[in-house]
Every structure is written in structure tokens, then in C-alpha cells.
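*Asks:* Mind looking over this structure? Questions follow.
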Amino acid sequence: MKNSGAVLSTTALLVLGYALCSSLLAVINKYAVTYFPYPSLLTALQYLTSAGGVHLLGLAGLLHHDALAWDTVKRFLPAALVFYLAIFTNTHLLKHANVDTFIVFRSSTPLLVAIADTFFRRQQFPSRYTLAALLVILGGAIGYVLTDSAFSVTAYSWAAAYLVTITTEMVYIKHMVTNLGLNTWGFVYYNNLLSLAMAPFFWIVTGEYSDVARASWESLFQFQAVFSVALSCVFGLAISFFGFAARKAISATAFTVTGVVNKLLTVIINVLIWDKHASTVGILFLLLTIVGGVLYQQSTAMPKPSSQPSEEEEAEEEEEDEEAGFLKKSSE
């Protein structure tokens, strides 16, 4: 009885830790890019914290991750590049738009994933229930865009780029990494380490290095900038741990429900702490998009005649993995 109680307490703490990290992370990243407006450098610091954290925890014997191997690096590199581009566009989206706009576009990804699966992976056309859920998502997203008083071409250009890259990742990453034989922490380690190696190239391409060079030491190391960046890095690593640990401790359905609750908590927290959020009508359309995401997840979780999981279910599982920590900068 005592063991059962201890297990329940541990599970509750893991789920609570994941819920807090996930619901706060998008707001924390928005806070970070507000006072530290260098998205590429911010993500590089997050990659450094996560890769370094996994390495140090591995040395301490608190976790096991796959060691670096050149052959694996070469095979994993395309997946890491797609991952980097997803985070790169996501962070720039948060720089130019509010958190609510990010959540709307993040919640719209099942629509593009379903289209990509149908036309590029030759998957079966979505069922009527799934199609209805996707239309609800589409309606919520369109309604939000039409009522967004803070609409800007720059913000929505980054949003479009984010949608393309995150959809590519969801459809392509599973194909790339399934046969690599990496464990969970090995995936996190490779992803972040290789992304960190790519960062200097994007600093040069975007010209951000010159912006950082021109910035004064006072602006770079002011308290709010340092505090927000440190908080973002810590939460980025924490969500990797809590996300994977919680997923092992609870069922896939419970994990999915937690993910939905996290999005709602993010909206509430964002509205309460500052004025960088959508209008009341925009938030209602945002909630409609989230409802569509819930219906979509329910439709993909419906029992199939075969005992083997369908590719659509596997794709949904991969999306949950990504939400649990691979795309920690984007949060829920």
C-alpha cells in the first residue's frame, strides 16, 4: 500500500512538473526575446544548456545517453537541420508576435500534417470525424487571423515559415530517426549538440552577430535579460526531463489530455501576467482551434481493426514526443 502511494505521488509530481514547464515555456520565451532580442543567440544558449546538462547528468550516472559516433552524426544531421529550422522560425515568431498567435499556428499543425501524409506519404484520406476536427482547427485559425488587431506581415511570414518547418519535422523526422537506434536522451543529446554546431552559420546569415556586436554590455547583461535567458534555458532542460518521465509514468491518452490542459494554462497565464495577448474575440477563436486539436487527437486514438498501430497513430505519438521536449523552445 505504501509503495502504491509512493508511486502515485511520484507520478503526480512528474505530471505537475511537466504541466508547469510546458504551460510556462512559451510565455518565458516571449519574455526572453522581449528583453534579449537575439533569437538565434537565445536558442544557441538553450541548446548549450540542454546538451551540456544531458552530458553532465550522464557523467553523474543519473541518466544514460548514446555516445557520439561520427556515422550516427552523419545520418542524424538532416533531422537536426529540420529541428533547428523549426526552432529558429518559432523563436522569431515569438519575437514578432504574441504567445496566442504562436499557439494558434502550433495547434494548426495537424491540418498540414494530415495533408502532407495524404499527398506525400500516400496515407489514407482522413476519416469524416478527423476531417471535421481539421475543419474546426481551420475555422478557428482563420477566425483568429481575421480578428488579430496586431497583424503584421513580418509576424505572419515567420508564422508561415514555422508551419512549413514544423510540419516537415513531424512528417520527416520519424522517417529519419526510427532506425538510428538512439535512446530518448541520446536523441535529445544529438539534437541539441548538432543544433548548437549549426548556430554560428545562422548568426552570419541573419546578420544577428552584428546586432549583438553593436549592443552595449548594459543591454546584454541587464538583470531582466540575464534572468529571462537563464529561466528559458533551465525550463528548456527541465521540460525534456519531465516530459519524457511523465510520458513513461502515464498513458498516452492521459499525456495527450495533459498537453491540452497545458495549452489552456498557457493562454490563462499569458492573459493574466501582461498585455501581450490577443483580444477577447481572438482568444475565443484560439480556444476553438484548441478544441479542434482535441477532436483530432480523439479521432486518431479511435480503435482500429488491426492490433498493430496505424501510421497515423505513430505520427500522433511522434508529435507528442516532440511536444514533450524535442521542440522545447516552442512549448505547448
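The backbone N, Cα and C atoms fix where each Cβ goes, and this holds for glycine too.
All TrEMBL annotations are machine predictions without curation.
Residues annotated as compositional bias 'Polar residues' in TrEMBL: 300-309. Taken from TrEMBL, the feature compositional bias 'Acidic residues' applies to 310-324. Positions annotated as region 'Disordered' by TrEMBL: 300-332. What TrEMBL records for 45-64, 76-95, 129-147, 153-173, 185-205, 225-245, 252-273, 279-296 is transmembrane segment.
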*Asks:* So which of 45-64, 129-147, 153-173, 185-205, 279-296 is most in touch with the transmembrane segment (76-95), counting Cβ pairs under 8 Å?
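*Replies:* The stretch with the most close Cβ contacts to the transmembrane segment (76-95) is 153-173.
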*Asks:* What else in the chain is close to the transmembrane segment (129-147), if you only count residues 6 or more beyond its ends and a Cβ gap under 8 Å?
*Replies:* 100-101, 104-105, 107-108, 110-111, 114, 156, 278-279, 281-282, 285-293, 295-296, 298-300, 302
*Asks:* May I ask which of the stretches 185-205, 225-245, 279-296 has the most CB pairs under 8 A with the transmembrane segment (45-64)?
*Replies:* 185-205
*Asks:* Using a Cβ cut-off under 8 Å, which residues of the same chain at least 6 positions beyond either end of the transmembrane segment (185-205) come close to it?
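*Replies:* The answer is 40-41, 43-44, 46-48, 50-51, 54-55, 58, 63-66, 68, 72-73, 76-77, 79-81, 83-84, 87-88, 177, 212, 240, 244, 325-326.
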